[in-house]
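Undergrad: Take a look at the following structure, please.
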Amino acid sequence: MKETPLSNCERRFLLRAIEEKKRLDGRQTYDYRNIKISFGTDYGCCIVELGKTRVLGQVSCELVSPKLNRATEGILFFNLELSQMAAPAFEPGRQSDLLVKLNRLLERCLRNSKCIDTESLCVVAGEKVWQIRVDLHLLNHDGNIIDAASIAAIVALCHFRRPDVSVQGDEVTLYTLEERDPVPLSIHHMPICVSFAFFQQGTYLLVDPSEREERVMDGLLVIAMNKHREICTIQSSGGIMLLKDQVLRCSKIAGVKVVEITELIQKALENDQKVRKEGGKFGFVESMANQRITAFKMEKAPIDTSDVEEKAEEIISEAEPPSEVVSKPVLWTPGTAQIGEGIENSWGHLEDSEKEDEDEGGSDEAIILDGMKMDTGVEVSNIGSQDAPIVLSDSEEEEMIILEPDKNPKKIRTQTISATQVKAPSKKPVKKRKKKRAAN
């Protein structure tokens, strides 16, 4: 999958923020991201987190035949893998230019600097030596892979323990971990890589660039150094021309950062060794907290907003005072009102107005059936009452038989009013009825 390029707006935003000495995550120019080191249950297994960049390191060993030109030295082998789990742009099973450059830089930093005593890895000269293999897997990519990989490699080598061996004549005996305690590697110093990103043709400088900052940078300078301020390797990429003063300034900054990282590594190794001796719980399950994958979530970053607050106060002080707030609604014409924030609405009740309209218009259409009696003596005014049921039928007359105790059945004829007969009288008789009422 091809990497998604940055838009022009994002690129201009990043460059403008760098010109103002600001970064997206709130760091200063020379600040490193938080470094966290976790160890597994086996020796030589660790995970290093540099911000959101995560690298897994695993060290293994085996007895092999030495090289012909170096019969008394062991073999060191480094392998870095970039999987699609770290970033979709990485293609599996393909040696990209970035991967080749990172592997070569790791070999120059760790193997060519002689940080590990390879002669101590020899078992029988010219026959058996230890081959130490360091496998590094990038789990998540958020920029500055080389720094995280170098820290993971040196931490895994310091934490690793090889099995103990003994030689009697031509026989080589390999002891298990239960028979003898494993032996740590002989490490002289800890070389650590520190990356510097340059922008605007070397005008601006950032330490530990993130993934987005790497996309807009013009060049990269990597300095590998130990805590004794000895430069192990230095590499510049990007095609920019650096001055001698710039390189010296970067080396001084790298010396300070390397001392801090070395102290962090030694403290993590001591804590792990202490927990293992005391018989406590150790491993990734105990040292790494549960993490949840969330979408549309922004992490809080400590950002200094004092300058923004000062500008806001200046704008408010220079602005004109606000006009007086009207506390009551202004009625411009009858039947109108003003709706605003903090003002109570003064609209009339719609139900009351509707009832008044119904009373005025319904008086003309009222049905007055008082005093009207049918031949049967049943008053029509009782039709709408709840006690007397309304019977709708097409027939004019019906026969009803009433059964009473100790009496003969009686037949009573009642007259029902059909639905077509119950009609509202016209307006003329209603008006006459009103006149009669007025006369009375």
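Cβ from N, Cα, C; glycine included.
A quick note: this is a predicted structure, and the numbers were derived from the prediction, not measured.
Sharing the record's features from Swiss-Prot:
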MOD_RES   Ser65  phosphoserine
MOD_RES   Lys297  N6-acetyllysine
CROSSLNK  Lys297  SUMO2 cross-link
CROSSLNK  Lys297  SUMO1 cross-link
MOD_RES   Ser306  phosphoserine
REGION    341-362  region 'Disordered'
MOD_RES   Ser346  phosphoserine
COMPBIAS  353-362  compositional bias 'Acidic residues'
MOD_RES   Ser393  phosphoserine
MOD_RES   Ser395  phosphoserine
REGION    404-440  region 'Disordered'
COMPBIAS  425-440  compositional bias 'Basic residues'
Undergrad: When a 10 Å sphere is centred on the Cβ of Ser65 (phosphoserine), how many other Cβ atoms does it contain?
TA: 13
Undergrad: Measuring Cα to Cα, how far is Ser306 (phosphoserine) from Ser65 (phosphoserine) in Å?
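TA: That separation, Cα to Cα, works out to 65 Å.
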Undergrad: Hey, what's the Cβ neighbour count for Ser306 (phosphoserine) at 10 Å?
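TA: Around Ser306 (phosphoserine), other Cβ atoms within 10 Å: 7.
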Undergrad: Could you find out if DSSP has Ser65 (phosphoserine) as helix, strand or coil?
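TA: Going by the DSSP assignment, Ser65 (phosphoserine) belongs to neither helix nor strand, so it counts as coil.
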